[in-house]
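What TrEMBL says about this one:
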TRANSMEM  6-29  transmembrane segment
TRANSMEM  49-76  transmembrane segment
TRANSMEM  82-103  transmembrane segment
TRANSMEM  115-133  transmembrane segment
TRANSMEM  139-160  transmembrane segment
TRANSMEM  180-213  transmembrane segment
TRANSMEM  219-240  transmembrane segment
TRANSMEM  252-273  transmembrane segment
TRANSMEM  293-316  transmembrane segment
Amino acid sequence: MSQIVLNIGMLLGGLGLFMLAVGIISDGLRLAAGKTLRHILGRWTRSPLHGLASGIAITGIVQSSSAVTVATIGFVNSGLMTLYQSLGVVFGANVGTTMTGWLVAMIGFKLKIELFALPLIGIGMFVRLIAGQRRIAHLGWALVGFGLFFIGIDVLRQAFEGFASGIDFQQLSSDGPQALLLFLGVGFLITVLTQSSSAAIAIILTAAGGGIIDLNDAAAMVIGANLGTTSTAVIAVIGATPNAKRVAAAHVFFNVITAIVALIILPFIFWLISLAGNVFSLKNTPEVTLALFHTVFNILGVVIIWPMLVWLSAFLEKRFMTHQEIESKPKYIDKNVAVSPSLALNALSLEIDRIVGMSKSLIKAVLGQTKGTTLLLNEKYEALEKLANITGEFISKLEKGTLTSEVKTQLSTLILAQQYSLSGAESALEIAKDQTLLQATSDSHVSSTLEDYLAEMRGMIGQISEQSLPIQDTDFDANIQHVKNRYDEVKAIMLDAAVESRAPIQTMMEVMDNIKKVQLMTEQYCKANYQLNKVKTYLMS
C-alpha cells in the first residue's frame, strides 16, 4: 500500500514538474522571440498554406498551441487576418504541438539526468541571472524549462515502472471498439483535468514505454488527448468575441473529424507508421511509434479537411453572429441581381432603405436623450457604415455599359440618400458622446425649451418617414425651412439665457453647438428620406 502511495506521489510530482517545464519553455521562448513570432503570424499567413507552415513552426518552437491560437484570434479580431487565413494556423498548431511527443520519445527516455538535464538548469539560471533584462535572459529561462522537462519525464518514467511492477494493467485491456472508446475517454479526461495535451501525451508515452498499456490502447488515449484540447478552446471562448468562437469552433471541428477518422482507420495508420519507420530508420519502440502516430494522424486530418477550407470558413462566418454583424450584412444585393440593371436598382433601393432606417433609429435614440447608450449607438453606427461600404462596392462593380441614363440618375440619387444617412448618423454620435444636452441648468425655461425642441425634432422625423409617396418638393422645402426656423428660435432663447446670466455662458455655447448638430442631423435625415423616396416613386411608375 505504501509503495502505491509513493508511486502516486511520484506520478503527481512528475506531472507537476512537466507542466511547470512546458510553461517555462513556452514563456521563455516566446519572450526571447519578442515581436518576431507576432511578425511571422502577421506577415506569413497571407494564404492558408502559409498559415499552416507558420502554425507548425511557431507551435513547435514555443510548445504552446494555446498561445498561437490566442495570438491568431487577436489578429482576426483586429482585421489583420481573415478567418479563412486563420484556419491554416489553427490546423498547423495541431500538427506543431506533436513536437512534445518527439521530445519525450527521442530524448526523454534516453537522457542521463546528471549529464544533461541538471546542467541545463544550472546553465540556464546562470544566463538568466547575468543577462539582466536582455533577450538572452529569456533563452536562459527556456533552458531551465528544458532541464525541468526531462527531469519531469524521468520522474514519470520511474512512477510508471513502480506501477508496472505492482499492478497488472494489461487486465484492463481488451479487444473491440468499446475498449478503444474507453481508452479514448481516459486520454480525453487526462487532458481536460490537466488542461495540457502535452502533459497527457507525456503520461501516455511514459506509460506505454513502461509496458503498462499496450500500443493500441495507448493510440486510442493519444486520440483522446488530442480531442481533449478542444475543452481548453471551448472554456477559453466563453463570453468571448464572435471571431474567437469561430476560431475555437474550427479547432473543435478539426479535432473531432481527425479523431473519428483515426479511430476508423487505426490499422491502416499503424501500417503507414511501420512503413515510415523503415524508411526513416526509426527505432521500433512504443514511445517512438506513438509519437509518429500522433504526428501522422494530425497530418492526415489536415489532408482530409483542407479541401473543405472554403466551405468551413463560409459556414463559420455565419455562426456566432452579433446583432451588429447581422445588421451590417446585406439582405437584398448579391452577384445574382448585379447582372440585371433593373433588379440591381430595386435591390439597392431596398438596401438603402435599411440604411436610412438605421440612421433614423440612431437619430431618434439621441433625440430621445436615452442615457448610457453611447456604446450601443457606436455599434449601430459601425453596422450602418459597414453596410454602406458594401452597397458602395456593389454600385462600383455594376457593369456601367449596361446602365441606361435613367438608371444612372437613380443610382446617383441613392448614393446621395446613403451619404445623407451617414452624415446624419455621424452627427448623432457626436451629440451622444458630448452629452451636453443632458446637463441640467438652473433655468427652467432653458430646460423646457430644449426638451420641447428635441421632442419636436424626434416627432418630425417619425412623421417624415411615414409620408405617403410621392413626396412633393414643396413639402420637402417646407420641412427643411421649419427645421432652420426652429433652430434659430431655440438659439435665440439660449443666447438670452447667457446674456441675462440665467445659465453659464460656456454651457450655453456648448448647448448651441449641439442644437446646431441637431438641426443638421434632422436636415440630413430629411434629405436622405427625400432622395430615397424619389427612387421609390420612380420604381413604382
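Every residue number used here counts from 1 along the chain in the order it is shown.
Using N, Cα and C of the backbone, Cβ positions are placed for all residues, glycine too.
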Among 139-160, 180-213, 252-273, 293-316, stretch most in contact with the transmembrane segment (82-103) (C-beta, under 8 angstroms):
293-316
Listed stretch, out of 180-213, 219-240, 252-273, 293-316, that has the most CB pairs under 8 angstroms to the transmembrane segment (6-29)
180-213
Non-local residues, at least 6 beyond the ends, that sit with Cβ under 8 Å of the transmembrane segment (252-273)
90-91, 94, 180, 184, 215-216, 219-220, 223-224, 226-227, 229-230, 233-234, 289, 292-293, 296-298, 300-301, 304-305, 312
For the transmembrane segment (293-316), what are the same-chain contacts with Cβ under 8 Å, counting residues 6+ beyond its ends?
48, 52, 82-84, 87-88, 91-92, 94-95, 98, 101-102, 201, 219, 222-223, 226, 246, 249-250, 253-255, 257-258, 261-262, 269-270, 272-273, 276
